Amino acid sequence: MEPIKNLPRLCRTLGYEFKNIELLTQALTHRSAANKHNERLEFLGDSILSIVISDALYHQFPKATEGDLSRMRATLVRGDTLTIIAQEFKLGDYLYLGPGELKSGGFRRESILADAVEAIIGAVYLDSDLEVCRALLLKWYAERLAEIQPGISQKDAKTLLQEHLQGFKKPLPDYQVINIEGDAHDQTFTVECRIEDLSQSVIGVASSRRKAEQIAAAQVLELLKK
């Protein structure tokens with residue numbers, strides 16, 4: 001297996017440096033590419049993600065009902081959310097895929113991207129411990145946990161846009177940061193969103209990349225309604 005050329009960049013994006021880099025390599029390996037693939041790590045990561053998010057929601061919402069907690073957890077750990085996280089990390093650029101999956105665009109396939117996120121979580125856990133993994137996940141989910149509320153619709157603009165495109169079997173939206181201004185503690189992000197059905201790109205500007213992406217996605221949804 002060839003080494004992944006941009007692995008240090010991916011580690012910086014993830015916010016975690018692996019002691020055993022082979023664990024990350026395995027987490028990025030689809031079963032179509034090698035016998036030592038990421039499915040067992042995915043199984044582990046799925047369980048860890050569930051307990052970390054469950055614990056965070058339990059303490060964040062002391063008055064929420066079991067039903068509300070379950071719905072919020074489902075929103076945060078479902079495949080659509082994991083796919084969006086994978087896109088934010090640009091995981092498709094790092095995946096090991098077999099020739100067939102590569103040719104068919106597996107690096108964009110939602111299930112493969114979501115599974116890779118769970119596998120990376122499992123890899124981080126094996127490389128460190130549960131508390132290190134918890135701290136990393138809470139960092140990944142900080143904005144989503146800050147925004148989510150019990151008893152209301154949990155779907156944000158990026159999720160709604162993704163579901164709309166999936167319904168028509170269209171490619172996922174492409175988000176690119178085209179400009180960052182300001183000091184590290186007071187930055188403004190400009191993000192461009194492109195989809196197959198629109199000839200022009202749509203721009204979102206906000207104080208974080210994710211917020212800018214949400215603004216751009218909301219504008220695309222409005223254009224699609226016209």
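Backbone N, Cα and C define each Cβ position, glycine as well.
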* Report the candidate from E39, E42, E192, E196 that shares the Mg(2+) site with D115, E118, as recorded in Swiss-Prot. => E42
* To do: In whole Å, note down how far the CA of E118 (Mg(2+) binding site) lies from the CA of D46 (active site).
  => 5
* Around the Mg(2+) site (E42, D115, E118), what further same-chain residues have their C-beta within 8 angstroms of the site's C-beta centre? -> N38, E39, L41, F43, G45, D46, L82, A114, A116, V117, A119, G122
* According to DSSP, how is the domain 'DRBM' (156-226) divided among helix, strand and coil residues? -> 28 helix, 20 strand, 23 coil
* Asked: Between the binding-site residues E42, D115, E118, where is the Cβ count within 10 Å the lowest?
  -> E42
* Including all protein chains displayed, how many Cβ atoms other than that of D46 (active site) lie within 10 Å of its Cβ? -> 18
